[in-house]
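Asker: Quick paste from Swiss-Prot:
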DOMAIN    6-236  domain 'ABC transporter'
BINDING   G39, A40, N41, G42, A43, G44, K45, S46  ATP binding site
Amino acid sequence: MSHHIVEVRDLCHCYPDGTEALRGITFRIHHGESVAVVGANGAGKSTLLLHLNGYLAPTRGDVRIGDTPVVRTTLPEVRRTVGMVFQDPDDQLFMPTVFDDVAFGPLNLGLPPAEVERRVADALEQVGVAHLHNKPPYRLSGGEKRRVAIATVLSMSPDILVLDEPTTGLDPYARRQIMGLLRDFKHTKIITSHDLDMVMELCERTIVLREGRVAADGPTRDIFGNDELLATCRLERPLSMQGCPVCGR
């Protein structure tokens, strides 16, 4: 599989209740890009991400990872390349211990036990929670759960990391740790978030969704400097671009 391009073409998704969540989404992301997907609640961000490794199937259009279409028959191959971190880490952590959760993916690849242990150790070390390997996930803090959820994906050695609201609910210290971890991941990153200051720091490109459509796609600073666009899409400038609330500078 060529890992250099994530391509979404005329992607539409309609839920069983008739809700049109995505309406003709088209974009291309090259290997190594760090791209944010932003928009108001209900704009279609999470629905879009769930198509990138086949958790949802399109009503119309298609998604490709390199030359490989994301369809039922290619899901094992696609999911080795595209690692998905869900918004709620409790959706991702379901085994008795942290080690078991992080080992789950590599074991299902049929890797030898020694390789599984190496991958688990490396992934936990990368996210700074190696000391938690024997703990049950329900005993972890929110920030610890978030890091372990990322480790479950890193243990699969993905080329593309997809994250849905990775800093939601974290205290400032845990948020900064997660941002440092994501900054160190050198492959492709696709991130949805309402944390626009994080987006400013981590993503050179931003795609704005509005009512299931792409409203804008371009350099992050240009997007957040367009007040008319932000108002139309029910967004605001990041705090770092708003200036001092007292003196206006």
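Each position is counted from 1, following the chain as shown.
Using the three backbone atoms N, Cα and C, a Cβ is placed for every residue, glycine included.
Tell me about the setting of these features in this model.
Answerer: In the three-state DSSP classification, G39 (ATP binding site) falls within coil. Over all protein chains present, the Cβ of G39 (ATP binding site) has 23 other Cβ atoms lying within 10 Å.
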Asker: Give me the mean pLDDT over the domain 'ABC transporter' (6-236), rounded to a whole number.
Answerer: 94
Asker: Near the Cβ of S46 (ATP binding site), how many other Cβ atoms are there if near means within 10 Å?
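Answerer: Looking across every protein chain shown, the total is 17.
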Asker: For K45 (ATP binding site), name the DSSP secondary structure in the helix/strand/coil scheme.
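Answerer: The residue in question, K45 (ATP binding site), is helix (DSSP, three-state).
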Asker: Excluding near sequence neighbours, so keeping only residues 6 or more apart in the same chain, what lies with its CB under 8 A of A40 (ATP binding site)?
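Answerer: Once residues fewer than 6 apart are set aside, A40 (ATP binding site) is near R210, C233, R234, L235.
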Asker: Can you tell which of the binding-site residues (G42, G44) has the fewest other C-beta atoms within 10 angstroms of its C-beta?
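Answerer: Fewest other Cβ atoms within 10 Å, among the binding-site residues G42, G44, is found for G42.
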